[in-house]
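The Ca(2+) binding site annotation in Swiss-Prot covers 759, 761, 763, 765, 770. Swiss-Prot lists 31-135 with the feature domain 'Calponin-homology (CH) 1'. Annotation comment: Swiss-Prot describes 746-781 as domain 'EF-hand 1'. The feature domain 'EF-hand 2' is assigned by Swiss-Prot to 787-822, with sequence analysis given as support. What Swiss-Prot records for 1 is N-acetylmethionine, and it gives a large-scale study or a structure entry as the kind of evidence. The phosphoserine annotation in Swiss-Prot covers 6, 471, 677, 890. Annotated phosphotyrosine per Swiss-Prot: 12, in sequence order. Sequence annotations record features per position, and here Swiss-Prot assigns N6-acetyllysine to 95, 195, 676 based on a large-scale study or a structure entry. Taken from Swiss-Prot, the feature region 'Interaction with DDN' applies to 274-733. The repeat 'Spectrin 2' annotation in Swiss-Prot covers 394-499.
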């Protein structure tokens, strides 16, 4: 702190002469003090319904000065003088100054006359003295007071805020953050402190002044512009304004403390009243529950059944487990609440709580003791009754269990013993029934002990006077009667089963013999029927003769088969005789086979019917095979002549196409003679087609008399026609090429010789490698380097545009003719158009129509693009691009 700060801190109540000199040194301070002191005075005078406008004028008569002192001190001053004379005014001011002096304040150099005369310095000094005495002197923080106390209070309140460092009452407040921090510390909802900036003091100061005036009832005692524009704000003005914050916030804190004290007292009283109500209700509920429970525990009427007594025990357990524990907790909580309530009343100087009559803790303890005494006796009675009934219930349950097991075992046994299932059973079933019956007899003997135990238990229950003895006796008697009846039925069933077994054993032997002989005979008949009905497929006379021989051998075995059939039927008749004699009720058929006599007779009759049908079918097939053989021979004779003829013609045409005898016209004439002879041969092909149609209708699939099929003949004939036509066309094209390109016969022969030389397989085409070798032989320089490969690829694209991988002789001739003959080019056509155009770079539609035929002129006009050169005229056409397009060098 600088020297000025130290002086101000130690001498805040310094004589007026000192602060008078300070005031004269800085007019800005005087301005700040006038505004601040005026606002401070008005903040108190408004409580009396008045205010001042000019601090040195409005206090001159002493009336408002006395009123100000009465407001801030809360005391009454002497009655003021109401006169308007100077003496009256001085008297009133002196009364005010005397009151100030009575408060222990020394007034040095301040006289009533200066105040009445409107001396600004003296008036401000007097007001500052009043502010120090009534607004600042009583401030006390820890061991400091007055100015030091106010400064310490500001430092404590603003300590948590960034960029706030209060060290004095002048420059520490220039940025306005100190005022904003004081407001935010006590009323954080009024200012968003986080948005404030230290470099914007005007906004900070105005924000604090506006908020303090609007929400804290602290008048605006300072101007933000004066504080910011002054190097050192007036300390007295700042202290006066800050003291208003102190009193505003300290008053609010006192009110809050008083309200908290009242709320605390009321809360304690309300809590005690609630505890009293809770005790009364809890005590009433607990006593009512005890009153209802004791009669239930005193009821000792015994039950006849164990179930009923167990239900009572279960109810008692529920009482112990579910109902009583919460009540024990309630009783304990009741005592705790009572003791807690009494303690709280005693600590808060309230009278002790006295519950309603009959609801004292001792009353509840007495009722609870009665409950537990009755409860103990009830539990002993329950256990004794349960032990008493337990023994009877055990015997009764044992009787019921054994009786139920026995009845479940005997259920259906009488019906089983009475049934006559053996009358329709097979031998194996009879043996199984006997085994089953023996097992039942063993089981019956084992159940004898249980029947005796049931009777003994029933006797004991009667002796113990069981309450339900009549039903036990009736059930026991029924079991004994049923047991005697089961014994008689068991013996009767055994006798019937043994008698039936003997008869069925005899029948079973006959069934077995029948099955052993019927099965192979049935298989023989089924095989015979399959063979007789088998659809045979033969293609030769030898095959049908073999089938006929096998059929005759089969017919020779039929007499012996008929004897076996009669023997098998005799066995079945013997079984029928035994069944009729002894009245055996057969439940099923022969267990060893499913073949019946009716089935044997039916199949035998079917075999006898199929034999003559087979004879007829074999005879008809033999005649058909003889006819087919004649067709084979007829077709073979013709095919063996036509096939070689076609092959010969194909070879002759091939020789003509590659030989170089005579001119091309001679070759063409020779080929046309061949074509005529081939056409004249067509009737023989048609006749062969007719014979082939007959063979197909007869379903003949092979022919040992020839190696030629109709398909071979057709393919050969079509190839022959195609070959002669293609060869004639090739020769005609060669003639056209020769004439158009001016190729001599010698050149044509040379080309043919070279082509034939490299056509190793005589296919009429050259592969890429063969074609390359042919070109080299003709003098073309085609190497294996990249340039040579590119040249050969170009040539191949010309001779094989479809990329088939072969070069025909015609393509070879076309290529060679282009290479050796003079042909039209795009340049020649352009030169011709230039002549028609009069040596211009374009041509007009009129010129085209004048020089060319109409259709060709219109063709050119439709396809020529407009000419766009610098010498163009309306309607000019570009004949140059048209000419290049004709030869594929550009798009048409």
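Including glycine, each Cβ sits where the backbone N, Cα and C put it.
Help me picture these features in the structure, burial and contacts included.
Under the three-state DSSP scheme, residue 761 (Ca(2+) binding site) falls in the coil class.
Here the domain 'Calponin-homology (CH) 1' (31-135) is broken down by DSSP into helix, strand and coil counts: 71 helix, 0 strand, 34 coil.
Within the chain, the domain 'EF-hand 1' (746-781) has long-range Cβ neighbours (under 8 A, six or more residues past its boundaries) at 654, 657-658, 660, 664, 734, 738, 788, 792, 795-796, 799, 805-809, 812-813, 816, 820.
Within its own chain, the domain 'EF-hand 2' (787-822) has Cβ neighbours under 8 Å at 730, 733-734, 737, 740-743, 747-748, 751-752, 755, 764-768, 771-772, 774-775, 778, 781, counting only residues six or more beyond its boundaries.
The secondary structure of residue 195 (N6-acetyllysine), as reduced to three states from DSSP, is helical.
Residue 471 (phosphoserine) falls within a helical segment according to DSSP.
Residue environment of residue 676 (N6-acetyllysine) contains 11 other Cβ atoms, counted within 10 Å of its Cβ in all protein chains. Secondary structure from DSSP puts residue 676 (N6-acetyllysine) in a helix.
Other Cβ atoms within 10 Å of the Cβ of residue 677 (phosphoserine), summed over all protein chains shown, number 11.
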Have a look around residue 770 (Ca(2+) binding site) and count the other CB atoms within 10 A of its CB, chains all included.
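Step by step: centre on the Cβ of residue 770 (Ca(2+) binding site), count other Cβ atoms within 10 Å, giving 18.
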When you measure from the Cβ of residue 471 (phosphoserine), which residues in the chain that are at least 6 apart have a Cβ under 8 Å away?
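Same-chain residues close to residue 471 (phosphoserine) (Cβ under 8 Å, separated by 6 or more): none.
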Tell me which of the modified residues 95, 195, 677 ends up closest to residue 770 (Ca(2+) binding site) in space, Cα to Cα.
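Going through 95, 195, 677 one by one, the closest to residue 770 (Ca(2+) binding site) is 677.
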Would you please pick out, from the modified residues 95, 195, the one with the fewest other Cβ atoms within 10 Å of its Cβ?
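Each of the modified residues 95, 195 was scored; lowest Cβ tally within 10 Å is 195.
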What is the separation, in Å, between the Cα atoms of residue 759 (Ca(2+) binding site) and residue 676 (N6-acetyllysine)?
29
So which one is it: of the binding-site residues 763, 765, which has the fewest other Cβ atoms within 10 Å?
763
Looking only at C-alpha atoms, tell me how far residue 677 (phosphoserine) is from residue 763 (Ca(2+) binding site), rounded to the nearest Å.
24
Which are the residues of the chain, 759, 761, 763, 765, 770 excluded, whose CB is within 8 A of where the CB atoms of the Ca(2+) site average out, their centroid?
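What remains near the Cβ centre is 758, 760, 762, 764, 766, 767, 806.
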